[in-house]
Each structure stands twice: as C-alpha cells, then as structure tokens.
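Per Swiss-Prot, the features are as follows:
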type: DOMAIN; residues: 27-124; note: domain 'Yippee'
type: BINDING; residues: C31, C34, C87, C90; note: Zn(2+) binding site
type: MOD_RES; residues: T92; note: phosphothreonine
type: MOD_RES; residues: T93; note: phosphothreonine
type: MOD_RES; residues: Y98; note: phosphotyrosine
Amino acid sequence: MPSCDPGPGPACLPTKTFRSYLPRCHRTYSCVHCRAHLAKHDELISKSFQGSHGRAYLFNSVVNVGCGPAEQRLLLTGLHSVADIFCESCKTTLGWKYEQAFETSQKYKEGKYIIEMSHMVKDNGWD
C-alpha cells in the first residue's frame, strides 16, 4: 500500500516509505504496539473525537503512517470521504484521514487525521 503524504491537501499520495523519528525534546504520541512515532503534541487539534472503536484525537499532521483507499462513510457528523490509516512499522490500523467533508461546517477536517486513543501512547517529556 502507498504511504500517506502527511502534508495538507485532500488526496492520499504515494510517497517513499521511511521511518521518521520526532525530536526527543518534544512530547510525542507513539504506536502502542511497536512504539513508532506518530505525531507531535503540537500537531494535536482536538481530543473530542470518536473513532470506530472509542475515543480518538484529531491531528494536523502525522508521521510513519500509510493509508488505504478513500471511501465514503456516514459518520456522526455527516458524510465524509475518508481513508483508513495504519502504522507503517507494524501495520496496525490506527484511524483514518479525512479526505473530503461534504458539509460546510466540517470542511476544517479535510487533510486531518484521526488516531484512536487505544492505539497510541504518550512518549517524551509528559512529566
């Protein structure tokens, strides 16, 4: 599967697969299964989201994440085009990327990522 381009934009684009390490001086979120870095705390937008299997966080950008094909899903906030995202290291499905929101009030989610809390842990400097 192609990697998900972590930059802004509505499309999941193939990119070179590699493992990124976030600076140790930053509070980070990592995959609970393999400890691959996923996101910096500074990229967290909201803690008030619901994933398929429980609470989830919305991030502006992520690393070490690949994505599947986009599909339309009727979510709690309306119809969206989303692509499942997975950890590039252990291949665990983590959540999804919002490709397109069909309701004007939900457009802010486009290009953003949902990661379920059950699939991530806090690392570095949370004391």
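Every residue, even glycine, has its Cβ placed from backbone N, Cα and C.
Secondary structure at C34 (Zn(2+) binding site), as computed by DSSP, is coil. Residues C31, C34, C87, C90 make up the record's Zn(2+) site, and a Cβ search at 8 Å around their centroid adds V32, H33, R35, A36, N64, E88, S89, K91, T92 from the same chain. For Y98 (phosphotyrosine), the nearest of the binding-site residues C31, C34, C87, C90 in terms of C-alpha separation is C87.
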